[in-house]
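The structure appears below as structure tokens.
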Number of protein chains: 2
Amino acid sequence: MSITVEQVLSALKNVEDPDLKKDLVTLNMIKDVEIENRFVRFTLELTTPACPLKEMLKNACVNAIKHFVDKEAEIAIHVTSRVTTPVNSNSLDNIKNIILVSSGKGGVGKSTVASNLAVSLAAEGAKVGLIDADIYGPSVPTMFGLRDAKPSARETPDGKTRIIPIEKFGVKLLSLGFFADPDQPVPWRGPMASNAVKQLFNDADWGELDYLIVDLPPGTGDIHITITQSYPITGAVIVTTPQQVALADTRKGLAMFLMPGINIPVLGVVENMAYFTPPELPDNKYHLFGKDGGKLLAQQFNVPFLGELPIVQQVSEAGDSGLPAVLDRTSFVAQAFGAIAGRIAQQVAIANATLVTPAV
Amino acid sequence: MSITVEQVLSALKNVEDPDLKKDLVTLNMIKDVEIENRFVRFTLELTTPACPLKEMLKNACVNAIKHFVDKEAEIAIHVTSRVTTPVNSNSLDNIKNIILVSSGKGGVGKSTVASNLAVSLAAEGAKVGLIDADIYGPSVPTMFGLRDAKPSARETPDGKTRIIPIEKFGVKLLSLGFFADPDQPVPWRGPMASNAVKQLFNDADWGELDYLIVDLPPGTGDIHITITQSYPITGAVIVTTPQQVALADTRKGLAMFLMPGINIPVLGVVENMAYFTPPELPDNKYHLFGKDGGKLLAQQFNVPFLGELPIVQQVSEAGDSGLPAVLDRTSFVAQAFGAIAGRIAQQVAIANATLVTPAV
């Protein structure tokens, strides 16, 4: 007797997405079920290609079918993804999610996290853009080895001339640094800076993007106010180092997103420069800038803790050399960044699911 | 035969101040010469109490008198100082020198350097004030253990009500952080931020100061433009970490001071987080963020290199605990900061001497 589609769907109704707290069938994540005797084939459509639960969900599907339908079933699952978008998305139709990477304080590794997050998500197959909105200290040109790059412009079908983002390591990039001499200071007052950043959003040919990562300047100034008021933001990632002095600023940076007039979901806190381990003393962790500050901050505001990143000489060297550290996919650092990228993508899916009521 | 005043002054004409390139008598640094037979007593008035050449100059005076006048002379030198001021000083009469502590990038330890510089200069006997102008991330309240401090105000003889700076560790302090809830974000646009900072300069009762240190926010934005346009600045100290990404920003921060419309002397570059030495491996230096970047930057712009500071856990802990690291005067860190403070005071004297033509 052949297995039926109904049996398979009925079994998969027992598999719940632990983030979205609904079963996979209700979430419309099971597609194209095909059956041939004991061979079951279907597509599992995740909410992000960087989903850290991928293997866990696949295993749960296999177990459910074997348990509820036929323990001899042979199951092939094709995993794809369709990145979700907040329901209130409007002004930037082709961009599914705008993610702000922010810190109260500068120098905590915000640009390092933003760059490696973008490259990690692209490596998982997502369509990713990165705006470097740190007008006074744009780091993306150095971190991507694009110090002398100048984006060109082209006319798009709507008759407008648009800036073409530069593509590298699978990420579409624009930085205010591309439009200024890297050695020249930019002594601009707030309104001028805000207008420059808006052009990167509005006047560029981004095409279709799953995630547009925005590397914000430190603080809570003009650019933050402009961006949060002008665009539909999926959420903000907060980067901090563990010491109190940084945390004091980070707390304010985080609290800004929660203010009634701004009200942007905080996707979580990344703790950077958590500790240093010399190669000669692999068991020693030197907490050079304090301990667990990021974790405590996440607890205090009841937002997810996305992970900690150690101080690794290669990360700063990689940033300087124009080859983001995650490119070496086998390294410890790439795995740490990859895990954090996965958790961020997961939080994006959760944020979107709590805003959208999925069609049952 | 008794030694004469003329003999002593004639001998001291052979002692040159290596910074100011003139002899001590011409520089008017020898005062109150008194003689009693072979006993010679005089005052050596330096340009800063933190002068790193103090011992060297004293020895040179003794040697000159013994060599040119009487090798049996007994010499007692009383060292004092009168901090010099730029000639063009105008709007803030009672403040001899305004020193900006700046960095292109945040998180490089600018506030740590500014705080420890202020405490070091005060410990040498100078009258020191510190303005924390980092509106979005004021660190001074945490670093000086003054998170809950609220300055009061009083009426001054000119009939105005003025804010009274808080005094701690010998330094008069004002921070924008004193006027805001430490956990509340300050989402202010530029003009509002600039006005707040100007109040700290204009509406506070600073009294007489040798040095007013200003901890600037990172970048080259509104507050920088306002301060450099509104006040007579003696010079700027640039803080950086060694890595390229930080240096790229620092280069711009430094270049801003040299722009024709701004034109502020750069007193030198401090390289922070130069290396880490684990206590278990005292001979190892881990250059976690690159090597010699600050030194090369100083060379490139032909400005003094003021010194490097290692990453020391106690420094960040000290900052967090509200007890600046230099308070423990015997520590390696205090000595490193003290040496840098001395070099900065020295550069201030040089900057002022090149502006003022000394009366011969």
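Placed from the backbone N, Cα and C atoms, the Cβ positions cover glycine too.
Automated prediction, rather than curation, is the source of TrEMBL annotations.
Database features, via TrEMBL:
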type	residues	note
BINDING	B:Gly104, B:Lys105, B:Gly106, B:Gly107, B:Val108, B:Gly109, B:Lys110, B:Ser111	ATP binding site
DOMAIN	B:6-67	domain 'MIP18 family-like'
Summary of DSSP states over the domain 'MIP18 family-like' (B:6-67), given as helix, strand and coil counts: 21 helix, 19 strand, 22 coil
Rounded mean pLDDT within the domain 'MIP18 family-like' (B:6-67) lands at 93
Chain A, Cβ under 8 Å: which of the binding-site residues B:Gly104, B:Gly106, B:Lys110, B:Ser111 qualify: B:Gly104, B:Gly106, B:Ser111
Should B:Ser111 (ATP binding site) be counted as helix, strand, or coil on the basis of DSSP? helix
Return the count of C-beta atoms lying within 10 angstroms of the C-beta of B:Gly109 (ATP binding site), excluding that atom itself. 25
Name the residues of the same chain, 6+ apart in sequence, whose Cβ is under 8 Å from the Cβ of B:Ser111 (ATP binding site)? B:Asp132, B:Asp134, B:Ser139, B:Val140, B:Met143, B:Asp215, B:Gly319
Out of B:Gly104, B:Gly106, B:Gly107, which has the highest number of nearby Cβ atoms, where nearby means within 10 Å of its Cβ, if these are the binding-site residues? B:Gly106
Counting across all protein chains, other CB atoms within 10 angstroms of the CB of B:Val108 (ATP binding site) number 30
